[in-house]
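What TrEMBL says about this one:
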- 205-633: domain 'Anoctamin transmembrane' (DOMAIN)
- 215-239: transmembrane segment (TRANSMEM)
- 245-266: transmembrane segment (TRANSMEM)
- 319-342: transmembrane segment (TRANSMEM)
- 362-384: transmembrane segment (TRANSMEM)
- 405-426: transmembrane segment (TRANSMEM)
- 438-460: transmembrane segment (TRANSMEM)
- 508-531: transmembrane segment (TRANSMEM)
- 598-620: transmembrane segment (TRANSMEM)
Amino acid sequence: KKKTLTALPELIDDGGGSAFAPLVVLELAPDTKEEAVAWLLSRIRDPQHSGGAELLVRQLGPGVEAGEKTNPNVFLVGASRRRLLSGAEDLGLFKEYSDGSMRGFTCANKLNFKGFTGDGDDFLSMAECQYIIKHELDTLRAKEETHVPGHSQAKLYPGKSIVRRLQSKGILVQMFPLHEKEELKRLSFSWYKKVKLAFQPLDDIRHYYGEGLGLYFGFLEYFTLALVPMALVGLPYYLFDWEDYDKYVVFAAFNLVWCTIILELWKQFSASLAFRWGTLSRKRAFEEPRPGFHGVLGFNPVTGREEPVYPAAKRHVRIYLVSVPFVLLCLYLSLHVMMIYFQMEGWALTLHDQDPTFWTGVLVFVPSVIYAVVIEIMNLIYRYAAEFLTEWENHRLESSYQNHLVLKVLVFNFFNCFASLFYIAFVMQDMVLLRQSLATLLITSQILNQVMEAFLPYWLQRRRNKKMIRRVQKRRTLGEQELPLEEQVRLEADMSTYLGTFDDYLELFLLFGYVSLFSCVYPLAAVLVVLNNVTEVYSDAFKMCHVFKRPFSDPAANIGVWQLAFEAMSVIAVVTNCALIGMSPQVKAYFPESDTQLILWTVAIEHFLLAVKFILTFLIPDVPKHIRIKLARLEFESLEALKRKLLMPPCQELDAPFQEAEFE
């Protein structure tokens, strides 16, 4: 059930007699100059033809306890329905058409879109309205101003994004969309408050949070279901062959097929979701420079505007002469820590062999547990260093920044988490120790992740909001069940900011690595990952609903660079599992006298399987056939409509919208 704009809990006045539903919160620094505040509000309210955003804005009131010191520079932003509909057309927002297809919304054809009645009160979801407002604020540009009034250090250039400059100079503290309490309650109930064996409400998640988070939770659900066959095979395999470490060949072969097929099928499932949500054929918006990007003032030949320019040669120098050596140094330190772990492991095993007691048996697992904890700490420290370096590289676009950050983090995390397992498997060739190390690393990392991702954020949030919680309880004792808008806004402003799906995808990437690379020697790994993912769904759902601010909608069509990361891991999994098969006693028995022949046959089979994998990539289409047909039909109809419009006599131009609607 969709939540309508008219059903929002409270309408407020913008000071000019126009009532609107507050959708987005702008918080400026407490010491922002009055002239800067007045200038910004004027630019937000100005009509579009004057270079403004033509939005509605009002300052947030002091709240219940007006005597308490609070930031006065908090503003609520909304928009009229007409402005939101024109913004949806400007953005090329896809909505469901009367024939069931997803098409770009136009005001001329608005009556032909499903769900559009009257003035379009319930046509756009709250998340879509907030995304439109964010877009309008982001594209608010400076005209002739040389700096932000009252802040001479905040330089402005004609065409420069005002909001991004305010963010980079610390004048704009935060900008976030408001939660809708009733809709959030319904989503919480259907998502995680009822413990049941059922699919997630992906359409409701997408409706409230946008396509980016909808695709993440869709991938989490798909990955969990894809692990079920491996878990069903691995559980009896683990139970009946506990002491027989040589019978992993069949499971390794199963791994080879599994890690290839599931990623190809995910592409089709992802395309189906994106098509249903209207983002598959949506054109990517032109990217503006990042808020943190800086440089000397120059001319952009694409936009025709003056803006900061930074030479690509300088950026490459920073990347290849600083960032790359730093990453290599971190890999060396990780290798050094790994060798210390092996020394501790050898000491513990020697002690247990000399005096095999219960306590020395427990001591055998201690080095692995310590090493797993150290791995998580090193990953965390490196993450901050990688963010600092990537910021220092001064990438112009957010997509470029994210790609370089993902690459740095993936390389280090992969090496840090899996180097010891590769060493044990292919240098020491100790399958017993490999099983023990894999189990310890996997279980310890899952426990730490659950503590860091679920319990710690909740605990910190409770501490941070103790005063506000007391206010809520106080008002309820007075018989008032609803928290006033002012208090609700300040409560949400103090909540943690959701930093995106980066860490969530990274965790799934590492779990996919544990399962696809070495689970043949520890078949229970798939079972543990399934259990982890089930708890991950509930913990992530709780955090999104109660710990984090509501994030802006992200109209994503796929999982982006993470698809390539998972595919790269699947290629490494083919090589790893072929090597493990080649090392098994059953296969070695066929080559009793020649290790060279064994290696050559293993490499040949591995190359053959990689070839089959890449052939399957081409044979299995990324987009299902029925969706490709629908997309082609929409493109054909759009071209035909354009031809009819171009061939139309001038006297019929006024009737064009109605003729297009009839044709559509």
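Here the Cβ of each residue, glycine as well, is placed from N, Cα and C on the backbone.
TrEMBL entries are annotated by machine, without manual review.
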Exercise. Examine the transmembrane segment (405-426) against the transmembrane segment (508-531) and state whether at least 3 Cβ pairs sit under 8 A, considering only residue pairs 6 or more apart.
Key: yes
Quiz prompt | Which of 215-239, 245-266, 319-342, 362-384, 598-620 contacts the transmembrane segment (508-531) most, counting Cβ pairs under 8 Å | solution = 215-239
Quiz item: Which of 245-266, 362-384, 438-460 has the most Cβ pairs closer than 8 Å to the transmembrane segment (598-620)?
Solution: 245-266
